[in-house]
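Record features (TrEMBL):
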DOMAIN    118-244  domain 'Palmitoyltransferase DHHC'
TRANSMEM  35-57  transmembrane segment
TRANSMEM  63-82  transmembrane segment
TRANSMEM  161-186  transmembrane segment
TRANSMEM  206-226  transmembrane segment
Amino acid sequence: MDDYDQVIFYPNQGVDPHNRCCGGSMWCIQDICGIICAIFTWLLILYAEFVVTFVTLLPCPYPIFQCVNMVIFQIFAFLAMASHLRTMFTDPGAVPKGNATKEMIQHLGLREGQVIYKCPKCCCIKPSRAHHCSVCQRCIRKMDHHCPWVNNCVGEKNQKFFVLFTLYIAAMSMHALYLCVSQFVWCLHSEWKQCSWYTPPATVVFLIFLGFEALLFAIFTMVMFATQLQAICSDETGIEQLKKEEARWMKKSKWKSLQAVFGRVSITWLSPFSQPAPKIKVDNYLQV
């Protein structure tokens, strides 16, 4: 939770426990559909791991090809899984529930011509560009959309992790597709002799399912990655574009918008383990 939220909205109550687990230390949406989708995502990643490792690479007689591709694929798989978990278990920018009290509103110190909006569903002071999510049952700052595959909203605090998730899944899928085609060609060339630890029919089934999965997810995640970058660069979330909302905020340049999501330019842009700390100003809760 941001320091601003802690001081302004919960000065004596500590962390808002809604949608949290492990004593309030971890964000977790208890949505059965989202949990099933997230587990299914992990199973698909594990299936790709199995086929790439035990069907295409370990039986390969070329050590350099085997080692290089094993390292590359495992790096992509690890970063994809880490990005997924960070997206899933990171507070996307939820506004504290039930903070629209007289005392809190007076504490904001409204100036003449300034107004605030109250969300009738979660009884919170609704910041500019926040939208209510019916699944999370919270208002989310800069909400882009709710994604069942990560069982969470994509918002101000976890958009970087979601973008990295789509990037690494796309890279992992393209690499798996390349290995799948290479293995199939090699098996045909060797007439299915010593090209796999499994029988030819089993090998064909494994490769067909992996190829279909890799192609499908490569296309899907590349489209999502491009969509997310376009939304970030235009400083307009997916839900704002969908609702065709009039921009009442000062739009940032493409470069400033990228830095707002990923932080200062460095190798950490590609890391799911670092997160820029956005500064929430009081003016974000006030509207003219």
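Glycine residues also receive a Cβ, built from the backbone N, Cα and C atoms like all the rest.
Remote same-chain partners of the transmembrane segment (161-186), defined as residues 6 or more beyond its termini with a Cβ less than 8 Å from a stretch Cβ, comprise 45, 48, 51-52, 55-57, 69, 72-73, 76-77, 79-80, 83-84, 86-87, 90, 144, 147, 150, 154, 195-196, 203-204, 207, 210-211, 213-215, 217-218, 221-222, 224-225, 228-229, 232, 261, 270-272, 275. Sequence-remote contacts of a segment are chain residues at least 6 beyond its ends whose Cβ falls under 8 Å from one of its Cβ atoms, and for the transmembrane segment (63-82) they are 42, 45, 48-49, 52-53, 57, 164-165, 168-169, 171-172, 175-176, 179, 270, 272-273. Secondary structure of the domain 'Palmitoyltransferase DHHC' (118-244) per DSSP, as helix, strand and coil residue counts: 71 helix, 19 strand, 37 coil.
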